[in-house]
Amino acid sequence: MALRVGLGLGQLEALFVLLLIGLLQSRIGADGTEASCGAVIQPRITGGGSAKPGQWPWQVSITYNGVHVCGGSLVSNQWVVSAAHCFPREHSKEEYEVKLGAHQLDSFSNDIVVHTVAQIISHSSYREEGSQGDIALIRLSSPVTFSRYIRPICLPAANASFPNGLHCTVTGWGHVAPSVSLQTPRPLQQLEVPLISRETCSCLYNINAVPEEPHTIQQDMLCAGYVKGGKDACQGDSGGPLSCPIDGLWYLAGIVSWGDACGAPNRPGVYTLTSTYASWIHHHVAELQPRVVPQTQESQPDGHLCNHHPVFNLAAAQKLSRPILFLPLSLTLGLFSLWLEH
């Protein structure tokens, strides 16, 4: 009689756990200093609402004098990417701190790490809300140790292209409606939004627009959201990530930048297109290596989303000398989802 040796159900479960631990150790160095970007342990949950702990481990909270003002994205063990408008020139870096590993901003957790800021590099072309160059690099005072709750997101290379219609996720701790703060304990919020082409976004922003105050969608901007409105970013999340999934990894496709009201119809959220600044990022931080983004799907034509005529004249708008005006976004954009479904 042949002797058959097999594993019981409990042994198989134990083996699976060991394999999972081994996989995580291969992605997180023994000293916690290395981790592959854009990988998460939590399964993806579509839609909107509160995220789960560790679901977006690159999301950080940027505080000014102890108050949350903006979001940001961890891209290495010592660098964070955020929006330039989060750091007015008159503010000192000593007044900022970066909170990593947080889920509920108002709750204490051993997973949370707070670092002071050693350096802030804002893009030189940034001038005001809605202008080009709304991106900043923040160097932490010391390297952070990666964990299940603290991990970097992938930076896209300069030639990266994210297709129209791709469903990405914007995250943050901002307002849930205009002038309505997220309630204690302020859990991290997530909202899935489809990407919209620059041409269609410009067309939408021309609907009911004030001619003297054009909303110009620049070449370094990316739009995402819903034509009917109701779900968007709002005050409190500027600088946070627009994370897009490509071939099993998450990429920092956009940085929450500006918008015209929160969740208004025909006004999708506008983000800084991170890939535009891949060379600028590498110039200032040589160790940051943007990744080539695989082209896994074609862009979906979205011209039908805007039937407004005439089509917004982008070239003419760029020639106007009058400043572009938006809502007062001094500490800008946070997740917004009106209760339209109720």
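Numbering starts at 1 and runs along the chain as displayed.
Note that Cβ sites are derived from N, Cα and C of the backbone, with glycine treated the same way.
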Cys223: disulphide-bonded cysteine as recorded in Swiss-Prot, out of Cys201, Cys203, Cys234, Cys244: Cys201
Cys168 (disulfide bond): tally of other CB atoms within 10 A of its CB: 23
Cα separation, Cys168 (disulfide bond) to Cys201 (disulfide bond) (Å, whole number): 16
Where His85 (active site, charge relay system) sits in the secondary structure, as DSSP reduces it to three classes: helix
C-alpha spacing of Asp134 (active site, charge relay system) relative to Cys244 (disulfide bond), in angstrom: 19
